[in-house]
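Chemist: Heads up, here are the entries from Swiss-Prot:
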type: BINDING; residues: 550-667; note: nucleoside 3',5'-cyclic phosphate binding site
type: DOMAIN; residues: 12-90; note: domain 'PAS'
type: DOMAIN; residues: 91-143; note: domain 'PAC'
type: INTRAMEM; residues: 420-440; note: intramembrane segment
type: REGION; residues: 704-715; note: region 'Calmodulin-binding'
type: REGION; residues: 717-742; note: region 'Disordered'
type: REGION; residues: 838-890; note: region 'Disordered'
type: REGION; residues: 909-948; note: region 'CAD (involved in subunit assembly)'
type: REGION; residues: 969-988; note: region 'Disordered'
type: TOPO_DOM; residues: 239-243; note: topological domain 'Extracellular'
type: TOPO_DOM; residues: 313-319; note: topological domain 'Extracellular'
type: TOPO_DOM; residues: 368-419; note: topological domain 'Extracellular'
type: TOPO_DOM; residues: 441-446; note: topological domain 'Extracellular'
Amino acid sequence: MPGGKRGLVAPQNTFLENIVRRSSESSFLLGNAQIVDWPVVYSNDGFCKLSGYHRADVMQKSSTCSFMYGELTDKKTIEKVRQTFDNYESNCFEVLLYKKNRTPVWFYMQIAPIRNEHEKVVLFLCTFKDITLFKQPIEDDSTKGWTKFARLTRALTNSRSVLQQLTPMNKTEVVHKHSRLAEVLQLGSDILPQYKQEAPKTPPHIILHYCAFKTTWDWVILILTFYTAIMVPYNVSFKTKQNNIAWLVLDSVVDVIFLVDIVLNFHTTFVGPGGEVISDPKLIRMNYLKTWFVIDLLSCLPYDIINAFENVDEGISSLFSSLKVVRLLRLGRVARKLDHYLEYGAAVLVLLVCVFGLVAHWLACIWYSIGDYEVIDEVTNTIQIDSWLYQLALSIGTPYRYNTSAGIWEGGPSKDSLYVSSLYFTMTSLTTIGFGNIAPTTDVEKMFSVAMMMVGSLLYATIFGNVTTIFQQMYANTNRYHEMLNNVRDFLKLYQVPKGLSERVMDYIVSTWSMSKGIDTEKVLSICPKDMRADICVHLNRKVFNEHPAFRLASDGCLRALAVEFQTIHCAPGDLIYHAGESVDALCFVVSGSLEVIQDDEVVAILGKGDVFGDIFWKETTLAHACANVRALTYCDLHIIKREALLKVLDFYTAFANSFSRNLTLTCNLRKRIIFRKISDVKKEEEERLRQKNEVTLSIPVDHPVRKLFQKFKQQKELRNQGSTQGDPERNQLQVESRSLQNGASITGTSVVTVSQITPIQTSLAYVKTSESLKQNNRDAMELKPNGGADQKCLKVNSPIRMKNGNGKGWLRLKNNMGAHEEKKEDWNNVTKAESMGLLSEDPKSSDSENSVTKNPLRKTDSCDSGITKSDLRLDKAGEARSPLEHSPIQADAKHPFYPIPEQALQTTLQEVKHELKEDIQLLSCRMTALEKQVAEILKILSEKSVPQASSPKSQMPLQVPPQIPCQDIFSVSRPESPESDKDEIHF
C-alpha cells in the first residue's frame, strides 16, 4: 500500500522540531518579527524553568524580555537589544534580568533572525544562558574554601559552551566542543532553519526508498532472485560443473549485483513504526544489521568459484554445491518487498503463477535426484530396471550401456530431456491431471509422489481455486484502502476539485491510514464492554493525563469519564483546525506536531507538544467565535473534548472542576483577540504623516473672483431647482404683512403680491404694462405674464414689515419697507389670515400683443376708501385653497398670529409711493433706454436655463424690469383707486 511504501512524505514545516532538536540543552523563545514589540509566539521548557514563568505567561510578551527588566538592568544594553530587533540583526549581549520571583540573574542572550522562503524575516530566535556564576565576585566570604571550588567546578561543567562563547576569539587556547545551537548562531543566518514548508530532505549519499531508481532496482533484484531460485536447485540436483564460461560469468555478475544491493541497503531510507521516513544514516545501518544483513550476506558468497577449479575433490565440490541452496534465502527479499508488489493486480497474478512454477521446478529437481540415486545400484553396480529413468530411456530410445573398460554405466537420456520429463511429471501431479506415461515404481518414488500430490492439491486449490477468497481474507484492509482511494479520486475528478486541495485530501487519507493501519477504532471500542472501553480510552489518552497538571487530582472514575469523551484527530500539514469566526466548541490538547495561530495574516502563536488551545468553557456561558486561524505545520495528533461533554463531567465531579479550572492554563485562548500593530502599518502611517507635513496647502480667499463666480453658479442652480418644484397651487400664495411707522406711530399695512404661473417658461421674462391708466402716475397693477396656458397659480406672501420713522416718504418709504421685508423674510410665524384685496384683471393690450396668452377671467380689484371690496370674484376664491394658511409652506399644525391691516394706511402709503415714483421715474427714464438692450440680451440667455422665483423680494421691484417682453409670470401689486389715478400713470 502506498502509505506503508512511501511513508509520510508531504511537505512539512519542521522549523520548531529542528530548533528543539538542536537546542535540547538550551533555553530559547521565538518572537514574531512583523508585529510591534515582537511578541513571543513560543518558548521551550528550558526557558520556563530558567525564568520561572509559565509558557502561557510568556506568550504575547515582548521578545526583548522587557517583562524581566528591573532596577539593575543596564539601560544601554536595553537600547542595544531594541536596535538589534529594529535592524533585524544577529547579536549577543550580557544582560541582567529578573525571574518571576524577582531574583536577579545574569543571562548571555543571543538574538538571531529567522527568514522564510522569500528571505523575509518573520521570527526572532532568542537563546539564554545563565552566567550568574561568572559575574558574581569570587573573593567574598560566601565563596571561600570548598564552596568556591564547588561553584567553579559546577560552572565549568554545566556552562562549558557559554565559557567558550565568552572567550575572545583571538586567543589561541584549547576550544571545547560547542553546543549545536551555538554553532548555528555563530555560523550565520544561512545555516539557521527557515520557517517554511519543505519536503523531507535526505542527507548526502542517502537514497529514498520510493524513488524511481530504487523501484527499478527492486524489480531487477526480484528477477535475479527468481533466477537464483531456479538455477541453484538445478545445479545441485544435476551436479553440473560450471565448465561453461558464459554461465560462470552470468552467475558471477548476479553475485556482484547482490553485493551491490547490500551496499545500497546501508544507504536507503525506510519507514519507521510511526509512518515517518527515517533518513538518518546511523539509524539506517543499525536497522539493516539487525534484520536482513546476515541472510543477504550468506546468499551472496561466491560458491561457484570453488567448482571452477579442475583439481577439486569431489566431496568438497559436492559440499559447496549443496551450499548453493543457501542462496534461496534471497527469496526473503521478495517477502519483505511483497507489499510493494501487491499494489498492482497483474503483479499479484504473475507472482502467484511464478510461485506455482517455482514449486514445480523444485519438485522436478527432487524427482530427478530420486531417480538418479535409484537407477544404478552402487553396491552391485547394476541397473534397476524398475526405475522411472530406465523406463524413460527405453521409451525415448536412449538406453543405458555398461562400459566394461571404465566399469561404469553410460548413455541414457540427456540432461535436458531428463529435466523436461521431471517437470512434466510434477506439473501433472500438482494439477491433479496425471497422464500416467511417467509413473513411480519404487517405494521411495511412490512416497514422494504421495507427498507431491498433497502439496499439489493444496497449491492448486489455494492459488487457482480460491484466488478471490484469498484476496478478500488476506488483503481485506488493503482492498478497502484501495477502494477508499478510488472513491476519493472519482469524487475529486467528478467535482473538479483543485489540484492543491486534491493533493491535501489524498495526503491526509494516506497519512491517516498509515497511522491507524485501516483499523476503525470506534468499531473496535463498540465491541468491548463499558469498563474495558473506558480502560482502553484511558490508555489511549495517557499522554494528555500525564503531561497536564490539571488532571493530577482527578479520580479514576473522573479520568475514565473524561477518557471516553476524548477524541483523537490526525491532521496533515496545512489543515485548518479552526477558521476565524467559527464557534469554538472543543478543547484541544497537542500530543505531537506543531501548529500556528494566524490572526490578520500574522503568526501570533506557535503551538507544540503539550500546548492547549480553545476556550475556557467552564467560565463562559456562551460559545465563542474563533478570533484566529489554527493551522497545522506538520503532521499533528490532537486529543479534543467537546464543550458539552466537558461541562457534563465538570458538573458531576465538582471537586475536580475547581482543580481543573485552577490548574489548566490555555496556551492560546481563541476567544480573546490579540491587539497589535504591524510594523509595516506604523511605517506607512509615519510616511503618510511626513507626506502631509511636507504637502503645500493651497487656499483661495473668500473675496476671490473665482470663488464668487462658482458661488453665483451654485445659487443659479438652486433657483432653477426651486422653480421646478412649484407645482402645488396652495403653496403658490403667500401673504406678506408689513408694519410701518409714521411720525413715531406704528402703522400696519398689507402688500398683496399675486403670482400667476402657467406652464414652464420657454422664453425670456420681461415686465409688460397691464393697466389702461399707465400714463397716469397711479399704477394699479403690474403684471408679469407667462407665454400661454390657462393653468395659473397664485402665490401670496404675508410678512411683517416695520416702517421706521425718518426713513423717507413715498417711494423711499416703500423701498425701506421692501428692505425690511427682506430682513424678515425668514420669519414665517407672522403669516396673517387677512383676506387678499388683489384681484386679477384682464389686460387687453397684452392679449392683443400675445395671441398665445389665455385671457384671465378675473377683473381688476375695485376698492374704496372704506376698504370694502366690490369685486364679485375674490382672490381667495380664484384658487382651490380657501384659507390663507393653506397658501403657506409652513406646516398646517403650526399656529400663526394675525395682524389686521387698515386699508387707510395702505392707501396713504401708495399715494406717497406714487409721488415718489413719479420723480424717480423721470430720473431713470434716460438710463433705462441704454440698459434695455443689455437686460434683454441677458434675459434671453438665462431664460432657457433659469426659472424666476416668485417669492423673491427682488422680483417685486418694477423699476429694473424692461417692459413689453411676452411670456412672463404675473406680479400684481393691488392698491385702492384714487381720483388721480389717471394722472399717475407712468410709461416705462
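Cβ coordinates are placed from backbone N, Cα and C, and glycine is handled just like the others.
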Chemist: Which number gives the other C-beta atoms within 10 angstroms of the C-beta of E565 (nucleoside 3',5'-cyclic phosphate binding site), all protein chains shown included?
Modeler: 16
Chemist: In the structure shown, which of the binding-site residues A550, A580, L595, I640, A655 has the fewest Cβ neighbours within 10 Å?
Modeler: A655
Chemist: Provide the three-state secondary structure of A580 (nucleoside 3',5'-cyclic phosphate binding site) computed with DSSP.
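Modeler: A580 (nucleoside 3',5'-cyclic phosphate binding site) sits in coil per DSSP, no helix or strand.
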Chemist: Six or more residues beyond either end and a Cβ under 8 Å away: which residues meet both conditions relative to the topological domain 'Extracellular' (441-446)?
Modeler: 367, 370-371, 374, 384, 386-388, 391
Chemist: Using DSSP reduced to three states, classify A550 (nucleoside 3',5'-cyclic phosphate binding site) as helix, strand or coil.
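Modeler: The three-state answer is helix.
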Chemist: According to DSSP, collapsed to three classes, what secondary structure does G610 (nucleoside 3',5'-cyclic phosphate binding site) have?
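Modeler: SS state of G610 (nucleoside 3',5'-cyclic phosphate binding site) = coil.
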Chemist: When a 10 Å sphere is centred on the Cβ of G610 (nucleoside 3',5'-cyclic phosphate binding site), how many other Cβ atoms does it contain?
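Modeler: The Cβ of G610 (nucleoside 3',5'-cyclic phosphate binding site) has 16 Cβ neighbours within 10 Å.
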Chemist: By DSSP assignment, list the helix, strand and coil residue numbers for the region 'CAD (involved in subunit assembly)' (909-948), in that order.
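Modeler: Secondary-structure breakdown of the region 'CAD (involved in subunit assembly)' (909-948): 34 helix, 0 strand, 6 coil.
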Chemist: Using a Cβ-Cβ cut-off under 8 angstroms and a sequence gap of six or more, which residues of the chain neighbour H625 (nucleoside 3',5'-cyclic phosphate binding site)?
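Modeler: Once residues fewer than 6 apart are set aside, H625 (nucleoside 3',5'-cyclic phosphate binding site) is near G581, E582, S583, V584, R671.
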